[in-house]
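Residues or ranges marked as transmembrane segment in TrEMBL: B:34-50, B:56-74, B:81-100, B:115-136, B:143-160, B:199-218, B:249-272, B:284-310, B:331-352.
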Ligand SMILES: Nc1ncnc2c1ncn2[C@@H]1O[C@H](COP(=O)(O)OP(=O)(O)OP(=O)(O)O)[C@@H](O)[C@H]1O
Ligand SMILES: Nc1ncnc2c1ncn2[C@@H]1O[C@H](COP(=O)(O)OP(=O)(O)OP(=O)(O)O)[C@@H](O)[C@H]1O
Ligand SMILES: CC(C)C[C@H](N)C(=O)O
Ligand SMILES: [Mg+2]
Ligand SMILES: [Mg+2]
């Protein structure tokens with residue numbers, strides 16, 4: 001169980017970005033984390049994987065535990081070794097390295113298994129197998145996203161933290177990513193999925209959280225979220241009435257209903 | 001600064017600008033104007049408070065600041081790291097010295113002592129050299145450019161020390177340009193003040209003019225184009241910035257500043273030799289820009305004063321570190337500590353305040369702005 | 001702004017750098033203090049191995065003067081205003097400006113290019129200085145109280161000696177640029193002309209990586225004699241390399257080119273077999289009252305002729321101060337007047353009598369003697385004497401009518 | 001709504017409103033018209049081993065909202081890069097408003113009236129929103145370096161006039177709140193909007209938008225859709241849109257071009273494209289547009 | 001012909017010193033994207049350590065011990081002055097290393113004292129004749145060449161066969177992303193600085209062999225700057241090829257400069273920079289450097 005309890009994170013000693021967030025990812029589960037831009041989703045992932053330091057951020061309160069052991073004070077390498085792996089927002093592949101080298105780095109903490117895992121990952125992503133010796137920086141956006149996920153899989157994580165994996169992907173690829181997440185998950189890994197594409201995320205997840213300005217405002221099983229009016233209107237773009245179809249972007253009004261949880 | 005538009009400003013609402021002109025003014029708030037004004041009054045009044053020897057050093061600071069502002073334009077604003085500043089300083093210094101030099105002296109001299117001739121000439125020639133170097137900048141990036149410009153310094157040093165007809169040669173040197181204005185010496189002890197007092201005022205005046213021009217440039221389309229090139233050059237090109245042209249402008253202006261600074265710098269001591277234009281000099285200027293805070297004019301000026309005064313300060317510190325020996329044959333002695341301090345202060349500064357002196361200022365200001373509600 | 005003339009109880013006029021309070025390290029607390037500045041190459045520059053002993057010796061020298069009763073009612077302090085010039089003219093000028101309001105004169109200004117950077121100001125403000133350099137131009141400057149034969153005359157003596165002792169027919173001068181190296185090379189050139197030797201000169205720079213050109217010039221020119229004017233490390237690398245690559249001629253180094261540590265270098269065999277060294281005065285171990293006093297004052301140090309030089313260079317300043325006090329005018333102008341009227345300086349036997357005649361003008365006042373040494377592991381400073389202080393025919397005949405370096 | 005002030009810098013700013021909007025041909029009928037703003041003719045762009053663009057041709061009409069879709073790596077961004085002069089194609093012609101673009105440098109193309117946004121935000125993060133927008137107007141400022149150093153009349157007047165022009169864009173895109181903030185600190189959605197503003201500030205004759213709503217939440221997407229429509233309808237600037245959000249593309253576009261492996265798969269109107277079998281296979285997969 | 005061959009061999013001798021120095025620069029650059037201007041100080045420190053150690057323990061033991069100690073010194077400097085700057089602009093860090101260089105050199109100069117010191121190498125200025133050619137080769141140059149070959153082989157094997165090499169490059173390109181893959185960026189930095197320090201010490205020893213150690217020795221290290229640019233900032237083979245090439249061309253320039261006296265004495269000092277400029281005009285990333293990936 002990957003558990004976040006009452007977490008507070010501060011950037012630059014001043015900016016309080018997470019204000020007591022609690023959340024749990026059960027082993028083998030998929031948990032979706034929704035929320036507007038700037039809500040603090042990425043920050044939460046950083047707090048789990050130990051990358052806050054790089055951004056002058058610090059956990060000031062609360063804890064992150066993995067099977068009961070606190071991990072929020074560990075170095076990133078130690079977190080990875082314990083089986084928690086983050087795929088960062090914006091892909092962050094090593095542009096100057098080749099595709100294969102990128103993947104090898106992913107296996108840094110368990111280098112003996114690299115050859116076997118390389119085969120496994122290249123099997124999952126045939127596109128990458130084709131481009132194995134190409135410079136990663138010249139891949140298209142979607143290809144880079146696959147590489148980033150493949151790279152994380154090299155460490156064979158128990159918990160995978162995905163930060164907006166569908167960003168910039170073509171519909172068919174979004175579908176592929178969806179399936180991939182399902183496959184990874186069925187292999188036993190727990191997934192914490194941060195997404196703007198709520199449709200995709202909620203179709204996968206067992207449980208969902210909605211984060212707004214550093215606080216969890218909704219926390220429900222996925223089916224219930226799919227039925228929630230606000231979620232339907234603000235995240236899925238559907239009419240408020242259950243079963244109503246998608247509204248056209250041509251018809252978007254210039255005024256908006258206020259979100260209930262903010263009022 | 002603009003006069004129009006300022007009158008339309010509403011009293012008591014410092015941040016409310018009722019015209020774009022006042023919004024675009026250099027010192028756009030009363031607080032800024034007051035503090036700059038006060039600083040100016042103090043600067044102009046210093047000669048009545050300080051001994052000549054310190055004024056002379058401050059005159060050097062002012063000139064160094066001109067050079068640093070120039071380097072700040074190319075490195076801080078346009079992001080083209082140049083370690084070749086010493087080379088451009090040298091071109092200015094030698095142009096000016098040769099034009100105003102004694103025609104019958106040991107070294108080349110044309111005998112045109114009017115500052116109105118040699119100062120623009122120094123700027124122009126150095127600027128031209130900058131234009132010649134600019135194509136390198138369009139081909140090279142980052143540290144490649146830095147080391148290549150460093151190559152200029154070494155090649156320049158070789159040429160300058162070989163060309164003794166112009167420079168006097170290594171270990172000899174030559175007199176610097178003559179500070180004269182239509183036959184009138186600009187700095188000579190007289191009824192109005194000592195040589196050093198006048199020297200300081202003169203250099204302060206030059207600094208003000210050059211800094212103002214640089215500030216203007218920075219807030220103009222040219223300055224914005226520089227920043228764009230620094231931050232994202234491809235995007236800059238796509239929105240219409242001609243990369244080659246603006247890199248050339250950046251090098252030209254920066255070198256011209258360096259040229260003028262070089263021309264003036266040695267008039268203070270009156271003498272210079274080719275070994276001055278070494279890697280160390282370039283590094284000092286880079287340090288001025290970084291310590292002051294890259295990308296700000298005032299930062300470059302502050303950095304120049306800091307770096308120029310630093311050796312003096314560390315020498316003064318001899319008195320405060322009693323356990324050190326003043327005997328040059330004992331270890332550690334004050335002379336070693338003086339140099340170590342120089343290195344260490346640079347390190348400490350950059351580690352603890354990477355945004356430079358300017359960053360410290362911002363912190364202080366923000367503190368007072370937020371007071372008493374800090375945090 | 002400072003420098004107002006005052007008169008003390010004894011009627012002595014003073015202005016800058018003379019205080020009625022005792023020196024910081026006064027021997028006699030009842031005496032006033034004359035502050036002299038020292039600007040030397042103390043940490044990074046190429047001559048620091050020489051500069052530090054020079055400075056030490058000067059401190060010892062003035063301490064001895066103070067212990068012996070000082071100068072009139074004053075003692076002399078050279079410890080308060082010691083500054084490092086890093087052998088850089090700009091730095092030199094800056095520290096000079098810094099100490100100028102506080103010192104009467106300079107007990108040491110080290111280096112030719114560095115001193116050139118302050119010379120104009122010194123002349124304008126009547127600041128007298130003992131140099132730590134032997135450029136021939138100093139003979140023409142009233143404010144500089146030089147000692148010993150200049151570089152130019154010294155290399156003339158070197159050639160006179162080499163022709164006589166080794167029968168050399170061709171000479172190559174390898175020298176640093178500047179008033180130091182050029183001066184020596186010019187002397188060699190003038191001497192070669194008058195002795196009928198073939199002469200060539202090649203300029204080099206300071207630094208272990210910068211001798212390749214000079215070595216090549218030696219190897220392709222194959223002269224009988226190479227005259228070296230540069231720092232010790234450079235000299236060692238040239239001698240060693242040239243020998244290793246088959247050069248069979250001889251070397252003479254002029255003044256500050258020697259350092260005893262060279263005998264441990266890879267070049268030692270070559271140095272021992274074909275290197276000699278000229279010097280404007282005798283080395284550390286010599287038996288004169290001056291040398292004895294030097295050794296007594298600096299007991300315990302590793303012998304080095306930097307000490308000797310620092311010591312010798314101080315005598316004229318002592319003579320000038322004494323004279324100025326005797327004349328009742330210890331102002332800067334008074335001191336300069338005293339210098340101009342000095343007809344001899346008591347070097348306690350370290351230089352021949354008659355040396356230090358500043359009143360006589362450049363040519364007549366010039367000291368023209370040099371000694372010749374050769375490397376010797378047994379000697380205290382690594383050299384033993386081959387020929388005592390003497391002036392060769394060329395140097396004797398030469399009319400010093402301007403700085404030599406102009407004639408290269 | 002006017003975006004163009006008489007330009008004191010140049011005085012000769014091309015005025016695209018000489019084109020009477022009223023003579024608009026029927027959009028459904030002939031979207032391209034006799035005089036298209038852009039002709040992309042048989043362009044090929046190869047990188048060592050990769051055929052990014054492999055013989056693509058299309059035209060864009062003077063009032064069109066033209067969308068390009070295709071799988072990741074199919075060459076959409078590369079097409080934009082060719083259009084804006086970042087890449088130089090090996091063969092083919094690109095004619096923009098009568099001028100051949102191939103071989104011209106980016107700033108020249110920009111001055112011709114081509115503006116774009118980028119897939120990954122390419123703003124100048126340390127500059128404020130205003131400065132970023134002002135940079136978009138770079139080539140509308142006609143004064144030189146010397147005038148800038150002196151901040152003399154010409155430079156000053158030009159800067160003031162351009163500030164006014166930029167404020168129009170601030171209004172148009174509802175950026176007032178953030179005008180003086182460095183863009184690096186702004187929420188992602190706002191940054192995307194600033195980038196759009198910077199492109200608009202160039203007063204383009206053609207606007208290229210590379211995935212304008214990628215990474216945005218629904219709300220921000222709706223805002224962006226509104227702005228895109230306004231630009232097309234109110235400012236009458238033709239647009240080429242690259243986007244993976246099928247909902248947006250199908251709702252807004254007049255025509256859609258589908259590319260795969262650098263080649264054209266299909267062209268058509270939004271009603272027919274989603275049902276084209278090749279498009280479904282190559283691009284949409286089994287998901288229906290959201 | 002003999003002259004030509006001899007100068008080429010001498011050039012290879014000094015060139016291998018440059019190559020060792022350049023390797024240090026490149027390793028640090030690859031790991032941290034920073035040019036460490038502290039290398040000259042480490043080179044001097046290494047050489048000075050050898051001068052102290054050679055007496056008591058002998059030259060052959062002194063060199064590895066000095067290399068280790070210098071590596072330790074470099075590690076310390078990295079920890080204190082460079083690590084806090086992780087993530088800051090490379091150029092600021094470069095200037096910090098300059099500060100380090102100034103400070104370390106003053107301390108080291110204190111240990112040189114006033115006299116020149118000697119590394120006590122076994123070669124001196126002795127030469128070996130290459131049989132049948134009449135060409136003399138200085139033993140110290142041969143030694144430098146051999147030592148460099150051995151060290152380079154070891155280094156390449158290290159980077160080829162351990163995952164550290166890849167981790168270093170990854171950390172260089174994107175520290176945060178590397179951290180997220182479990183790479184300990186701190187260890188990578190430390191390793192890079194340590195290696196560079198050790199290499200600099202060996203380079204310093206060979207630079208001083210047959211000559212002497214004085215405060216000016218550090219200047220030799222500056223020649224490694226054009227070398228790395230020539231070879232490509234991030235290319236280890238580039239450093240080696242560049243080093244040897246620069247050494248050779250410098251030596252050739254010195255040998256034949258008398259035919260072009262108008263170039264002034266000691267053109268060999270600036271030939272590396274001229275060569276660098278010429279190469280860069282044709283290849284902006286040096287001979288072997290990696291082109292920076294730029295996409296929009
Ligand atoms: N390094 C940092 N220093 C200061 N503030 C930061 C830093 N990183 C993020 N923030 C701020 O913290 C808040 C939360 O940011 P975060 O990136 O976690 O949001 P997010 O929910 O992931 O948004 P997005 O959907 O855009 O990725 C934002 O307001 C952001 O400005
Ligand atoms: N500079 C380059 N060097 C080498 N290959 C490149 C370069 N730029 C693009 N490519 C390749 O060209 C192909 C097309 O890339 P492009 O970026 O145009 O795709 P795209 O359609 O925009 O994809 P996405 O929807 O993911 O953004 C990709 O395979 C990419 O790897
Ligand atoms: C005594 C030496 C340090 C003087 C030096 N050779 C010079 O004339 O500059
Ligand atoms: Mg995020
Ligand atoms: Mg794309």
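Backbone N, Cα and C atoms are what each Cβ position is placed from, and that goes for glycine too.
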Ranked by Cβ pairs within a distance under 8 Å of the transmembrane segment (B:34-50), the first of B:199-218, B:284-310, B:331-352 is B:199-218
Most Cβ pairs under 8 Å to the transmembrane segment (B:143-160), of B:56-74, B:115-136, B:199-218, B:284-310, goes to B:115-136
Counting only residues at least 6 beyond its ends, the same-chain positions whose CB falls under 8 A of a CB in the transmembrane segment (B:284-310) are 57-58, 60-61, 64-65, 67-69, 71-72, 75-77, 81, 83, 85-86, 89, 207, 211, 214-215, 218, 227, 342, 345-346, 349-350, 355-359, 361
Sequence-distant residues near the transmembrane segment (B:115-136) by C-beta distance (under 8 Å, 6 or more away from its ends) are 84, 87-89, 91-93, 95-96, 99-100, 145, 148-149, 152, 177, 179-182, 186, 244, 247-248, 250-260, 262-264
Is the transmembrane segment (B:331-352) in contact with the transmembrane segment (B:81-100), using at least 3 Cβ pairs under 8 Å (sequence separation of 6 or more) as the test? no
Checking B:199-218, B:249-272, B:331-352 against the transmembrane segment (B:56-74) for Cβ pairs under 8 Å, the most are found for B:249-272
